[in-house]
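For reference, the structure is listed below as structure tokens.
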């Protein structure tokens, strides 16, 4: 690493929130080239975000470190020849290990990057996953994907494994649920085979563990995984984890594990927006050989908002009903087929429930949320509640305004735009919004 950039990294780490630093700054690699400091981003998404939100801060820190002749900061997408040479120097080739028996990987070959529908809600997660699959043990290690149920975390995990195998069919990759890891360890202890257990998990090329939150409260399992994790990272083997929440929020998990889970890249997957939901429906229908009209896809996408699993379930119900009855899939037919499901969805998420949840989350009174008070401690939660009401219910802007103390629809529209702006520029705000979305969607 460039000496100058090493000093800058230390400075930025102390000044930026950990999530912002780990997500956007840590992945950058630096090459000093004459009067330039070239920062290499792993992909276009990271490049654009850093240019938009952090380039000013980076240039300021670079100037502070080298006041007399500060180099010009240039952002590019890696990797370049200089970067490759630098990495070869930093990581000399390891001695060839003896041939290993390939282990069963449990991967579902149907889950690949090619059929993962990308949208704003999962764009970063997909980009990071692809980067990991193409740079095993070097891009983001560990990669920690978190979000609610049925949003595509498991799909991405399988896609990573399948992409690694596509590039290296001899790679030893293990995918499993965290409860399987616990079960395997218990069996190993019972049969006095703990050394074989350690050998198996600590020598794979990539370990992909789903739903890591189930380690909570299991002290012996956490102890064993801690050492497995360390061994894999020391040997530059890839670790990918999924969870239903951010690492720091996992109760019953040791602090040393929480800290290590944040070493690489924690990246969130949110419930998909309407356009992504429609794209998913159209893609799934096409895969099933069904001609689904955009009108029907938009209807289903607008009414089923919680997660992708339920969205696909609704589509399967419509298709099955059409096949059983021999009727074409029209808008009226879809409404009829999903009538009870939509009624249940409407009962589960309503504006009053959103107001109550937001008030409890920010520890404010619900009456204050609906009042005319305009202090910052109330304005932000109120705007979030309005935006969530727009996203999670079928109410119009005027209807939402009425339910927020008789406000005008333009106030609701302004709130939605402000929330979108803050989601893109403020990591802490984004985390609060994602937490609330996850609570309500689950």
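Cβ coordinates come from backbone N, Cα and C, glycine included.
Annotated features in Swiss-Prot:
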type	residues	note
REGION	1-84	region 'Domain I, interacts with DnaA modulators'
REGION	84-105	region 'Domain II'
REGION	106-322	region 'Domain III, AAA+ region'
BINDING	150, 152, 153, 154	ATP binding site
REGION	323-442	region 'Domain IV, binds dsDNA'
I'd like the per-state residue tally for the region 'Domain IV, binds dsDNA' (323-442) from DSSP, helix first, then strand, then coil.
93 helix, 0 strand, 27 coil
Helix, strand and coil counts within the region 'Domain I, interacts with DnaA modulators' (1-84) (DSSP):
46 helix, 17 strand, 21 coil
Excluding near sequence neighbours, so keeping only residues 6 or more apart in the same chain, what lies with its CB under 8 A of residue 153 (ATP binding site)?
125, 145, 146, 147, 210, 242, 269
Below 8 Å Cβ to Cβ and six or more residues apart, same chain only. Which residues does that give for residue 154 (ATP binding site)?
111, 210, 242
Cβ-based neighbourhood (8 Å from the centroid) of the ATP site, residues 150, 152, 153, 154 excluded:
147, 149, 151, 155, 156, 242, 269, 308, 309
State the mean pLDDT for the region 'Domain III, AAA+ region' (106-322).
90
By the count of other Cβ atoms within 10 Å, pick out the sparsest of the binding-site residues 150, 152.
150
